[in-house]
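Features as listed in Swiss-Prot:
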- 3-50: domain 'F-box' (DOMAIN)
- Lys74, Lys113, Arg114, Arg344, Arg401, Phe402, Arg403, Arg436, Arg484, Lys485, Arg509: 1D-myo-inositol hexakisphosphate binding site (BINDING)
- Ser139: site 'Interaction with auxin-responsive proteins' (SITE)
- Glu165: site 'Interaction with auxin-responsive proteins' (SITE)
- 347-352: region 'Interaction with auxin-responsive proteins' (REGION)
- Phe380: site 'Interaction with auxin-responsive proteins' (SITE)
- Arg403, Ser438, Leu439: (indol-3-yl)acetate binding site (BINDING)
- 405-409: region 'Interaction with auxin-responsive proteins' (REGION)
- Arg489: site 'Interaction with auxin-responsive proteins' (SITE)
Amino acid sequence: MQKRIALSFPEEVLEHVFSFIQLDKDRNSVSLVCKSWYEIERWCRRKVFIGNCYAVSPATVIRRFPKVRSVELKGKPHFADFNLVPDGWGGYVYPWIEAMSSSYTWLEEIRLKRMVVTDDCLELIAKSFKNFKVLVLSSCEGFSTDGLAAIAATCRNLKELDLRESDVDDVSGHWLSHFPDTYTSLVSLNISCLASEVSFSALERLVTRCPNLKSLKLNRAVPLEKLATLLQRAPQLEELGTGGYTAEVRPDVYSGLSVALSGCKELRCLSGFWDAVPAYLPAVYSVCSRLTTLNLSYATVQSYDLVKLLCQCPKLQRLWVLDYIEDAGLEVLASTCKDLRELRVFPSEPFVMEPNVALTEQGLVSVSMGCPKLESVLYFCRQMTNAALITIARNRPNMTRFRLCIIEPKAPDYLTLEPLDIGFGAIVEHCKDLRRLSLSGLLTDKVFEYIGTYAKKMEMLSVAFAGDSDLGMHHVLSGCDSLRKLEIRDCPFGDKALLANASKLETMRSLWMSSCSVSFGACKLLGQKMPKLNVEVIDERGAPDSRPESCPVERVFIYRTVAGPRFDMPGFVWNMDQDSTMRFSRQIITTNGL
């Protein structure tokens, strides 16, 4: 019956219907209905997302989806953001660009995260894709402003250039001048990560001649005195990153900035504010009533000035801020911003032992009580209680992402000195739609039992300095049906939990473990047992076979793949496929023979 229904629609109709299906997992499900749907979906797929660049080869993707216009790739594991992945590990995008340059000549969008991108890559992109429109490089490295100059000079239809949090070699600040004088298509520009000055005259000319520019995020080197000039050239902006927000207090600078901002009637998102001078903050008040996003994570502004600013932002939906906001500021946020969906509070002094601000669990409790739409939290603090976590869970059962980072590892409930198991247990029990969870504080295996029992929709879990034994990890792997990414550091989890749940790993995207109790022997056995997994031992102490098999490895990264072992492994990475484990065995036999 299903086959007859599938065949009753012309291909053109099905292609049109499929175009409304946006989620990759839904597109994948559609392609499994029957052979004809598989072929139609294959030829009409325009966007591809690959969460691990080593999970599949470029050739396989190109063969599977010949008409792709947009590619999104991720490289290094998430823990690379915390310097836990050694330099030179991999994540090189050049093989992908090289393969796509000859097969996807009409490619329009490339979005990369945590990948190594060289100037050669950027030059090849500029040369190969004639209708190229979007380049997003998020937390990438390896390229310079010379590569950006090639993009600017050649990609005449470029709409978006986003370098968010990338490490760029600033060879020259004049790369913006490579955009041709006839170029007018820019919609979004993010250069906030650049350390050096850019040519302001080139930037001003670019902004002036792009009437559709909606998002402009400047770097710290753009002085506050010149911001008003750019705003006057682009009053249509919807998103602004201010760059440096410091200057000698002068009435003419303040009034010029205030007038320019008041002319930006469409502005909805503000960020930047490096080294913000409080005296200039009231200049933004005229746009605050419309703001939905405010990123103050670089603004070292004290609570008093933050409170005055937040009182002007009743429509705020997303706030990123340093812990200078303190509990008092979060109470004002809770009473003012009833539409708040996302809150991130970052530490101003993460390596200072004594607290430098009055930020506690009470601030988060206040927001959970006052903001009924809150669904995403990242909260750095120095103390927490089970009672507070239980209250937050009951107040906000709609939470989908909850990441709590208590700065001191293994910190207990500071009032009772008990583990925080019950508190996090309440989070996973009450928040039925929880997708992402990060744990911290003193935690036993009990919390992982709660997670395995209740967190049925959780897709990503981050764990550090937690648990008692393999049982904790076993609870998670055996109980969390939707788990896709698990990252663990400094926990006593080892061989038993890993090997007992080997089949679960084939349903996940990846597992990262560092400074745990996983042995080299278990990694070898897992690699032999599960050929669809790449089991990569990362050990900078030397070849793991030079030590007893019972010796724990420094790091292991396990991920599902249809491409087999990768070919760009550095000298400190070993793949535990069957061939490599046989080579290790022969080496051990030879060594013992000597």
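Numbers run from 1 along the shown chain.
Backbone N, Cα and C atoms are what each Cβ position is placed from, and that goes for glycine too.
Annotated features, which come from Swiss-Prot, shown on the structure.
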residue	record	Cβ neighbours (10 Å)
Lys74	1D-myo-inositol hexakisphosphate binding site	21
Arg114	1D-myo-inositol hexakisphosphate binding site	21
Ser139	site 'Interaction with auxin-responsive proteins'	20
Glu165	site 'Interaction with auxin-responsive proteins'	15
Phe380	site 'Interaction with auxin-responsive proteins'	19
Arg401	1D-myo-inositol hexakisphosphate binding site	18
Arg403	1D-myo-inositol hexakisphosphate binding site	17
Ser438	(indol-3-yl)acetate binding site	18
Arg484	1D-myo-inositol hexakisphosphate binding site	16
Arg509	1D-myo-inositol hexakisphosphate binding site	17
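Note on the region 'Interaction with auxin-responsive proteins' (405-409): residues 347, 350, 378-384, 438, 440-441, 464-465, 490 of its chain, located 6 or more positions outside it, place their CB under 8 angstroms from a CB of the stretch. A separation of roughly 9 Å, to the nearest angstrom, links the Cα atoms of Arg401 (1D-myo-inositol hexakisphosphate binding site) and Ser438 ((indol-3-yl)acetate binding site). Of the chain residues outside the (indol-3-yl)acetate site list Arg403, Ser438, Leu439, Phe402, Leu404, Cys405, Arg436, Leu437, Ser440, Leu461, Ser462, Val463 have their Cβ within 8 Å of the site's Cβ mean position. Under the three-state DSSP scheme, Arg484 (1D-myo-inositol hexakisphosphate binding site) falls in the coil class. Residues 300, 322-324, 380, 405, 407 of the same chain lie 6 or more positions beyond the ends of the region 'Interaction with auxin-responsive proteins' (347-352) yet place their CB under 8 Å from a CB of it.
Counted with DSSP, the region 'Interaction with auxin-responsive proteins' (347-352) comes out as 0 helix, 0 strand, 6 coil. Across the structure, Leu439 ((indol-3-yl)acetate binding site) and Phe380 (site 'Interaction with auxin-responsive proteins') place their CA atoms 11 angstrom apart.
Cβ contacts within 10 Å of Arg489 (site 'Interaction with auxin-responsive proteins'), excluding its own Cβ and spanning all protein chains shown: 18.
Recorded residues Arg484 (1D-myo-inositol hexakisphosphate binding site) and Phe380 (site 'Interaction with auxin-responsive proteins') have their alpha carbons 25 Å apart, per Cα-Cα distance.
All protein chains shown were included, and the count of other CB atoms within 10 Å of the CB of Leu439 ((indol-3-yl)acetate binding site) stands at 25. Taken together, the residues in the region 'Interaction with auxin-responsive proteins' (347-352) have a mean pLDDT of 90 on the 0 to 100 scale. For the pair formed by Arg403 (1D-myo-inositol hexakisphosphate binding site) and Ser438 ((indol-3-yl)acetate binding site), distance between Cα atoms is given as 4 Å, rounded to the nearest Å.
Checking each of the recorded positions (Phe380, Ser438, Arg489) against Glu165 (site 'Interaction with auxin-responsive proteins'), the C-alpha distance stays within 10 Å for none of them.
Across the range of the region 'Interaction with auxin-responsive proteins' (405-409), the DSSP-based residue counts are 0 helix, 2 strand, 3 coil.
In this entry, Lys74, Lys113, Arg114, Arg344, Arg401, Phe402, Arg403, Arg436, Arg484, Lys485, Arg509 make up the residues listed for 1D-myo-inositol hexakisphosphate, with the farthest two CA atoms of the set 26 Å from each other. The closest partner of Phe380 (site 'Interaction with auxin-responsive proteins') among the binding-site residues, by CA position, is Arg114; the full candidate set was Lys74, Arg114, Arg509.
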